[in-house]
Amino acid sequence: MRNPGAQDNVSVSQGMRAMFYMMKPSETAFQTVEEVPDYVKKATPFFIFLILLELVVSWILKGKPSGRLDDILTSMSAGVVSRLPNLFFRSLEVTSYIYIWENYRVCELPWDSPWTWYLTFLGVDFGYYWFHRMAHEINIIWAAHQAHHSSEDYNLSTALRQSVLQQYSSWVFYCPLALFVPPSVFAVHIQFNLLYQFWIHTEVIRTLGPLELVLNTPSHHRVHHGRNRYCIDKNYAGTLIIWDRIFGTFEAENEQVIYGLTHPIGTFEPFKVQFHHLLYIWTTFWATPGFCHKFSVLFKGPGWGPGKPRLGLSEEIPEVTGQEVPFTSSASQFLKIYAVLQFAVMLVFYEETFANTAVLSQVTILLRICFIILTLTSIGFLLDQRPKAAIVETLRCLLFLTLYRFGHLKPLIESLSFAFEIFFSVCIAFWGVRSITHLASGSWKKP
């Protein structure tokens, strides 16, 4: 989306204000896409800071943290996975937009006009509303979007639980703008629209008074994430709630919201979170007789079945009682802290990889991606207490040391090199012993 140095032009103030769409047209006007900063990348430290702040504030106000460690790690893992394709190419939303602009535009609005800026703000938000609505009403698109709804908690980390597949359907809804709005203006607003939706994933903020009439707020979005019957298929807005009010999909928060999918998946494995509904569609597609019914499996709602309305029957949605207990890891507190530590190590190399894509070789980037994916998989296995978790973690630590020795992974602080080697050597020994125990007992063969 931008040249490697573009993000350095974003000040701390701009990085924070971008998260609330509080930017002036004059400070976000760029002639080319290459000049547009990566505002999402710049916001990463703010994400982490605000997640920690929310935990503290929730503890003070409610006497308990706003989320559970296992769920927060799973949400952040999804966020990491969703951005890995950006190491190789622009998002499909921007790439397709540029193609249509260069080949089919009918007119060219001035890139530095405030009127263009505000029109694009409305256009992107309108496009997002319809994408988001279709993501709930078309099963094959829901297969991607459901990952975002899989958390049974509702906090700022939930905003990071993004789908790696979502951009492959969302791009269609922004194409009309490419007929007249310059790509550089679109590239700014597609990021701001996403960033705005971060802070509304919280229970700490209850209501915002008159702003509730116009803006999408935490209260409105809590309804959207609910699995109560009154919450289903409501409040699709990105920034402005007016679209829901206009098109009849608005619902006010009026009773306790129970979060998550109507049928919780009960896992912390990041790739199962991402792809489990695709597997469900695959098996349902082949088990459903008739071409028309197979077509409907893909393009009608997730609740559709033969003889049912397009979006399914509301009475088939499980009733909530308010006594639902979220799926929680049975792992020890020590193991959860270990998972956090390993996630933090991975995150350092993840951020460093994005910051240095221009100088790293393709081989190094690919190997780092393998390490990142294996780390997230292993953390999911550990939290789910899978029998194979010890074996996977042993292999992961061995991979780290191998990549480290060959120079594909290096700590930012050179003096920590020896400490890294010692730490991962101890991990290999610990998990290696547990792996041998599992292999000897045969427990690793269990699902």
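Numbers here mean position along the shown chain, with the first residue as 1.
Heads up, the Cβ atoms here are built off N, Cα and C, so glycines get one too.
Taken from Swiss-Prot as is:
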type	residues	note
TRANSMEM	43-63	transmembrane segment
TRANSMEM	111-131	transmembrane segment
DOMAIN	118-249	domain 'Fatty acid hydroxylase'
MOTIF	132-136	motif 'Histidine box-1'
TRANSMEM	170-190	transmembrane segment
MOTIF	221-225	motif 'Histidine box-3'
TRANSMEM	334-354	transmembrane segment
TRANSMEM	363-383	transmembrane segment
TRANSMEM	413-433	transmembrane segment
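Within its own chain, the transmembrane segment (170-190) has Cβ neighbours under 8 Å at 1-2, 28-33, 35-36, 39, 92-98, 100-101, 104-109, 111, 116-117, 119-121, 123-124, 127-128, 130-131, 134-135, counting only residues six or more beyond its boundaries. With a cut-off of 8 Å between Cβ atoms, the residues of this chain six or more beyond the motif 'Histidine box-1' (132-136) that come close are 142, 144-145, 166, 169-170, 173, 233, 236-238, 247, 249, 301-302. Of the two recorded stretches, the transmembrane segment (334-354) does not lie close to the transmembrane segment (111-131), with fewer than three CB pairs under 8 Å once pairs fewer than 6 apart in sequence are set aside. Across the residues of the motif 'Histidine box-1' (132-136), the predicted structure has a mean pLDDT of 99. Across the domain 'Fatty acid hydroxylase' (118-249), DSSP classifies residues as 87 helix, 3 strand, 42 coil.
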